[in-house]
C-alpha cells in the first residue's frame, strides 16, 4: 500500500507543471499554421499489451480508445482531416485468433460511430479506404453503414485505412484507368498526376501535411504511398496507447517551424 502511494507522488507533484506546459503548447500551436490533414500509423498496440502481459486484443482495444482522444485533439485544433492506418492487407497473415478479435472490434467500433452523438454534433464524415471485399461481411456492412450515416457531413473527415495497402491502391487505380482507356472514357495523353489521383480510394482527400508513426519503427509500411510525397514525417518512440496530447502538440509545433518546399 505504501509503495503504491509513493509511486504516485511524482505524478501528483509534476501534474500541475505538465498541465501548464500542455496549455502553453496548445496556445502556441493555435497561433501558428494548422495542418489540414494529419495521418497516423497506429503502431505499438501489441507490444504495449505484451509489456503488460496481456493478449494482443487488449492493446488494440486501448488503441481504439486513444483514437477517440486524438479525434478530439484534432477537433480542438480544427484539423479537418484525420487518416489512420487501422489494418493492412498484410495484417491478414497474423494469427486467426488476432484477426478475428480485430474484426470483431472493427465491427463494434463502426456501430459505435453511427450512434456516437459527437460524430453527428460535430459533422464528422467517416470514410473507409481499402479493399472492402477482403473484409468479413459483418465488418463490411458495419463500415458501409458508418459511411452512409455520415455521408452528409463535411466539417471533419475521419478516414480509416482498413484492408489497405498503398501498392494495392495504386494497382487498383491503374486497373481502372486501363479499363477506362479501353472503353474510350479517357485518353492516354490525359493521364497525369491529378488524373491518377481521381482513381484512388478517396480522390477528394487532400494530401497529408503530417504523417506520424508511433511505436518507434522508422518506416512507412505501405501507407498512402501516392499521397505522402511531400508530407512531413514524424516517428515517435512511444507505443500508440501511450501517445499523449503533449506528444501530438510537439509534433504540430515542429511542423509549424519547418519550411515546406514541395520539391522546389
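Placed from the backbone N, Cα and C atoms, the Cβ positions cover glycine too.
The active site feature in Swiss-Prot is assigned to 43. What Swiss-Prot lists as active site, proton acceptor is 91, and the listing cites sequence analysis. The Mg(2+) binding site feature in Swiss-Prot is assigned to 43, 232; the stated evidence is sequence analysis. Annotation source Swiss-Prot lists substrate binding site at 44-48, 60, 88-90, 92, 94, 213, 219-221.
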Residue with minimal Cβ packing [other Cβ atoms within 10 Å] among the recorded positions 43, 232: 232
Cα-nearest neighbour of the residue listed as 'active site' within the listed binding-site residues, 90, 221, 232: 221
Greatest C-beta neighbour count within 10 angstroms, which of the binding-site residues 46, 94, 219: 46
Three-state secondary structure, which DSSP defines for residue 44 (substrate binding site): coil
Most crowded position, judged by CB atoms within 10 A, among 88, 91, 221 as recorded positions: 88
